[in-house]
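Here's the structure we're looking at; comments come further down.
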Amino acid sequence: MLTYENFYDSPLNNETPDQQDPTKGALKILEWAYQTYGNSLVYACSFGAESMVLIDMIATVQPDARLVFLDTGLHFQETYDLIEEVKERYPSLDIVMQKPSLTVDEQREQYGSALWSRNPDQCCYIRKVKPLEDALSGATAWISGLRRSQSPTRANTNFINKDDRFQSIKICPLIYWSWDDVWEYIEQHQLPYNKLHDQNYPSIGCIPCTTQVTDADDERSGRWANFQKTECGLHATPQSTK
Ligand code: SF4
């Protein structure tokens, strides 16, 4: 089995998706992933638009798959409403609300108010990175909805990646999908989605760090808009998050 310790570049990474495959290789990768790792596989789900596509496909491959949502306690009500809709539509999925060790109030007492506005890396570490580390303990591999066209930092992502951050295998089935592909799938399958997408929020995270997009060509320009920060740390190397 492909693991972090014996990682080799999988031949699946060299395959160009079949032109006839509407999922651009995603379904094949998910089938391989669940056959290989079974139910120990974790999908770190943000409930963004890409998540709706992945959830729909995963539900056909592994109906009792484990999804982990990093519940920072700072998400929009629209995001929590969507999670309830997803639970109703896919009742056999195991959706885990993974919380940080500190509540928002405890973080304020320990680090001062609005840590996200002074040190977002530290805030993301406490509320997202460490909780995912805890959720992945014991898991050999995890799934992420990264797409290559989302940002330059994601342009070299493969289907199957050696993840030094969590010493795990990171599987990214949607690397060849465009933003338009995602919405075409959502519309064709009449999937639920976060209503904030209709209000110019292509990428949705915590309330303090998410705004409407400032650059129509940059899907992630509404995240940490006042900082030189484009990632929460889940997709960085260990050195760059400390
Ligand atoms: Fe904190 Fe913002 Fe990161 Fe959320 S996105 S964990 S509020 S810094």
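The backbone N, Cα and C atoms fix where each Cβ goes, and this holds for glycine too.
Here is what TrEMBL says about this protein:
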DOMAIN    41-211  domain 'Phosphoadenosine phosphosulphate reductase'
BINDING   CYS123, CYS124, CYS206, CYS209  [4Fe-4S] cluster binding site
ACT_SITE  CYS232  active site, nucleophile
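One residue stands out among the binding-site residues CYS124, CYS209 for having the most other Cβ atoms within 10 Å of its Cβ: CYS124.
Secondary structure from DSSP puts CYS206 ([4Fe-4S] cluster binding site) in a beta strand. Reduced to three states, the DSSP call for CYS123 ([4Fe-4S] cluster binding site) is helix.
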